[in-house]
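I have placed the structure first, in the form of structure tokens, so that the comments after it can refer back to it.
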Amino acid sequence: MATETPSCDHLLGFLFVALLPVVATPHDCFHALETKRQEESCRNLSSLNETPRGSGCAAMWDNITCWSPAPVGEIVNISCNDVVPFFQTTEGVVSRVCTPRGWSHLIPTYNVACVPDEFDEGLSFHYTLMQLLYTVGYSTSLASLFLAMIILCMFRKLHCTRNYIHMHLFFSYMLRAISVFVKDALLFPSDDPDECITLLVWCKMAMVFMHYSLMANFSWLLVEGLYLHTLLLVAFFDERRYFWCYVLLGWGAPVLFITTWTAARWLSENVGCWEIHGNAYIWYIMKGPILLSISVNFVLFISIIRVLVLKLRSPDGAQKDNRHYKRLAKSTLLLIPLFGAHYIIFAFFPDELNDVAMNVRMYFELALGSFQGFVVAVLYCFLNGEVQTELKKRWLYWRSCHQQVKHSQVARNSCCSEGVNGLTQLSIIGKESPKGSPKDMQIPNFQDDSVYI
């Protein structure tokens, strides 16, 4: 039996951020369940269509595919595309001849007809490298976002609407990273059909969770754009009044689309672990809102850049242009990861790309997708002036308290040391005094320096 090799389409299933209708390699549990289903169907077909001996060939299951009943002398051809689910799509054909003694041997074998002659070893390398890349990226993002959330929650002076929105965005990135790890943990091989039934239920739940996290992440990117755009253009803006509207848009809107998509998948395309996206209409239930949010955010991004240009331009701009354009460039670079404006580059690319373009696209989206949470945490928390000021104050306060405690311990040790030295000197003098009664001993005056000589 031919071994299954990873494909670019399968990789896109792992890299869901690509926003394409993925035709992924099915989950291994789907292989086992589909094989069991086809075997039962083939045996039922064989029992229903029994043919007299020598008049034809009954349906036969050869552990890979089902051969339908045929009269003697007929040649039955099966395309490798129909040999589900063991082989990738190829143009090969396998055949059997119905003879008076039964089915002939397979002509040619599955390995010869359905396995490509040339195996692209570089594909496996790209697959492993990309999986390692996004694992490191999401791990780094998750750790940095968790630390950023602690910092923003810890300092009361940082509690404001702007940072509340940042925290929701951070949390959406954290959910996105966690969902990818959960999904990867559940997409593992299993050949036991009974175990696969349970695994597929959890796997589908993990896919729903991952899709919701992805949509929530894009929704909060849109909220960031709407908030900043409104803040710049509206003179009197009641932030608290609109905050709960933003929360509803960020977390509530994805629930609507994910619920619709889940119902559509369950009723119309309940295949495998739901990592296969064959029906474009169902796929666009999620892809459409994401593309819309990317487009709106890009328009907001351009509008904000225009506003920044107008605000940074001074009346005597001839002498200050360089400084203003540097500030504009800095603001632009900060806005790109915040709005996810880089997604517009590949969002509307056609689904069919050549291998080079597909690899470039996946590496680009992997680097900017999995590490984007880390970049956002650094730019909008760790490098934020207010955050650095509060951290510096806390550090100075801690160091001052630590020094005070240290000085008090030194002073206490010094007092104890002086007391011990005095008693030691008294003991020495008592031992060196002439023999006599204790009454003859004179208690030394510790105020007299001659005692210590």
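Indices start at 1 and increase along the chain as displayed.
Glycine is treated like the rest: Cβ placed from N, Cα and C.
Not measured: the values here are computed from a predicted model.
Taken from TrEMBL, the feature compositional bias 'Polar residues' applies to 444-453. Taken from TrEMBL, the feature domain 'G-protein coupled receptors family 2 profile 1' covers 28-118. Feature annotation from TrEMBL assigns domain 'G-protein coupled receptors family 2 profile 2' to 130-384. As annotated by TrEMBL, region 'Disordered' applies to 431-453. Summarising the annotation, TrEMBL assigns signal peptide to 1-24. Under the heading transmembrane segment, TrEMBL lists 132-152, 164-182, 214-236, 243-264, 284-310, 331-350, 362-383.
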For the transmembrane segment (284-310), distant same-chain residues with Cβ under 8 A (at least six beyond the ends): 19, 21, 211, 214-215, 218-219, 221-222, 225-226, 228-229, 232-233, 253, 257-258, 260-261, 264, 328, 331-332, 335-336, 339-341, 343-344, 347-348
Close approaches to the transmembrane segment (164-182) from elsewhere in its chain (Cβ under 8 angstroms; 6 or more beyond its ends): 16, 134-135, 138-139, 141-142, 145-146, 148-149, 152-153, 206, 209-210, 212-214, 216-217, 219-221, 223-224, 227, 243, 246-247, 250-251, 370, 372-373, 376-377, 380-381
For the domain 'G-protein coupled receptors family 2 profile 1' (28-118), the mean pLDDT of the predicted model: 76
